[in-house]
Amino acid sequence: ALLLDNMLYMVIVPIIPDYIAAMRGGGNAAGPSAPAAGNESGSGGGNRSLLPARYPPATGGNEDVQIGVLFASKAMLQLLVNPLSGTLIDRVGYEAPLLAGLAVMFLSTATFAFAENYATLFAARSLQGLGSAFADTAGIALIADRYAEEPARSRALGTALACISFGSLAAPPFGGVLYEFAGKRVPFLVLACVCLLDGLLLLALAPPCATGARANMPVGTPIHRLMIDPYIAVVAGALATCNIPLAFLEPTIANWMKESMGASEWEVGLTWLPAFFPHVLGVYVTVRLAAAYPHLQWFYGALGMAIIGASSCLVPACKNFGQVIVPLCGICFGIALVDTALLPTLAFLVDVRHVSVYGSVYAIADISYSVAYALGPIVAGQIVHTMGFAQLNLGMGLANVLYAPVLLFLKNVCQMKPSHSERNILLEEGPKGLYDTIKMEERKG
């Protein structure tokens, strides 16, 4: 589900700008979207589309505004719905909201395939945000619930993060090639079929309400109480801060590369491809370190933020394509460290300080991501226009470097023994109700 959501999130990169131009009357290639989706030929077109079209800079054209709002609408709606979806997931369990999210994503994908005007595209994009608010949050929470012990939890969440990264990487070439050779509808129809298959697999492997466990699920801590938990707030702030460089560079780096170093179209398109590999490496390294030294999760997150900050500051100093690849790889490596270290920490915080139900806490994590990606498409271009690209990067780098020491606040929490958690106390004292009995039987199995 996470792979599918990110593929749908990115597959429209090579399609939408050209499609909007065509809808406006004849596919005006000279319009503002031409640099973004002009020469979609073969796999090179798909690769080239990796970023320029994603969040076009605000150059004053109505088309740029339309595309920017279209891309931001998913994160905006996700931001609004997540508090409700987290609460609902805590009440009804993880499987049913995950299935509902997949159903909404299927509807969104089908709507994209047959959209004939901007309003329908906007509705489809917003609908995807609604589905993501349920599918993403429920999916991550389900993993945290099923993998209750470390290092299995970090390993499982790391696998999910790798799928997210791969979906973002594979979708633009996938969409660009199919769009060029088979038409606009085919990429969306393929993803709709994948979404349908995933829903059927969920029904077969983890059918909602298959046992009495969900009916007797303990009442989770309300999301507003989790939000004011200082430890959870620190983690949420770190997740938002570390993703801001990625969310703000994506709309701006393509034009900067063309203006400052005369980058060609293929160089612009390949800018982010190498960053996938250090991201996966960062996930792997953090999982291995967390297994060996679980009490240092806060340090891995702080180190990741320091790497992100230093890499962001280096971007404006790059003079050619080869040089700019290095700090971008550093940013993605740092994000992998932060995400892989802190997502399991959120579940651990809920275990030791609240009730071991994870819907609301991962809704807070999704809100943190959505804040960055809702602002990026609309704000980044304006910041570059008024302050400059170098100042944008220095500001983002400084924010990450200054936030890294704040994670020291988590040091004592990470040193708590797992036996302090509500889950393990129940296991030590023996089951006291139907839910506890079922959980013990699941663990023994």
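One is the number of the first residue shown, and numbering goes on along the chain from there.
Even glycines carry a Cβ here, placed using N, Cα and C.
What TrEMBL records for 31-40 is compositional bias 'Low complexity'.
The annotation domain 'Major facilitator superfamily (MFS) profile' is assigned in TrEMBL to 1-415.
According to TrEMBL, the region 'Disordered' annotation covers 31-55.
Summarising the annotation, TrEMBL assigns transmembrane segment to 96-115 (among others). Residues 1, 4-5, 8, 12, 85, 88-89, 121, 123-125, 127-128, 130-139, 142, 184-185, 188-189, 191-192, 195-196, 198-199, 202-203, 208-209, 359 of the same chain sit 6 or more residues outside the transmembrane segment (96-115) yet have a Cβ under 8 Å from a Cβ within it.
TrEMBL lists 156-174 (among others) with the feature transmembrane segment. Long-range contacts of the transmembrane segment (156-174) within the same chain, counting only residues at least 6 positions beyond its ends with a Cβ under 8 Å from a Cβ of the stretch, are 2-11, 13-14, 43, 46-47, 49-51, 139-140, 143-144, 146-147, 187, 272-273, 276, 279-280, 283-284, 286-287, 332, 336, 339-340, 343-344.
Listed as Cβ neighbours of the transmembrane segment (186-210) (distance under 8 Å, sequence separation of 6 or more from its ends, same chain) are residues 1, 4, 7-8, 11, 15, 93, 95-96, 98-99, 102-103, 105-106, 109-110, 112-113, 142, 174-175, 178-179. Residues or ranges marked as transmembrane segment in TrEMBL: 186-210 (among others).
Taken from TrEMBL, the feature transmembrane segment covers 231-249 (among others).
According to TrEMBL, the transmembrane segment annotation covers 269-291 (among others).
Residues or ranges marked as transmembrane segment in TrEMBL: 298-318 (among others).
The transmembrane segment feature in TrEMBL is assigned to 324-349 (among others).
The annotation transmembrane segment is assigned in TrEMBL to 361-384 (among others).
The transmembrane segment annotation in TrEMBL covers 390-410 (among others).
Tertiary proximity for the transmembrane segment (231-249) is limited to same-chain residues at least six positions away from its ends with a CB under 8 Å from its CB atoms, namely 301, 304-305, 308, 311-312, 315, 328, 331-332, 334-335, 338-339, 342, 345-346, 349, 353, 361, 364-365, 367-369, 371-373, 375-376, 379-380, 383, 392-393, 396-397, 399-400, 403, 406-407, 409-410, 413. Tertiary proximity for the transmembrane segment (324-349) is limited to same-chain residues at least six positions away from its ends with a CB under 8 Å from its CB atoms, namely 140, 144, 150, 153-154, 157-158, 161, 165, 229, 231-232, 235, 238-239, 242-243, 245-246, 249, 253, 257, 261, 271-272, 274-283, 285-287, 290, 297-298, 300-301, 303-308, 310-312, 314-315, 318, 358, 361-362, 364-365, 400, 410, 413-414, 421.
When each of the listed stretches 269-291, 298-318, 361-384 is scored by C-beta pairs under 8 angstroms to the transmembrane segment (390-410), 298-318 comes out highest.
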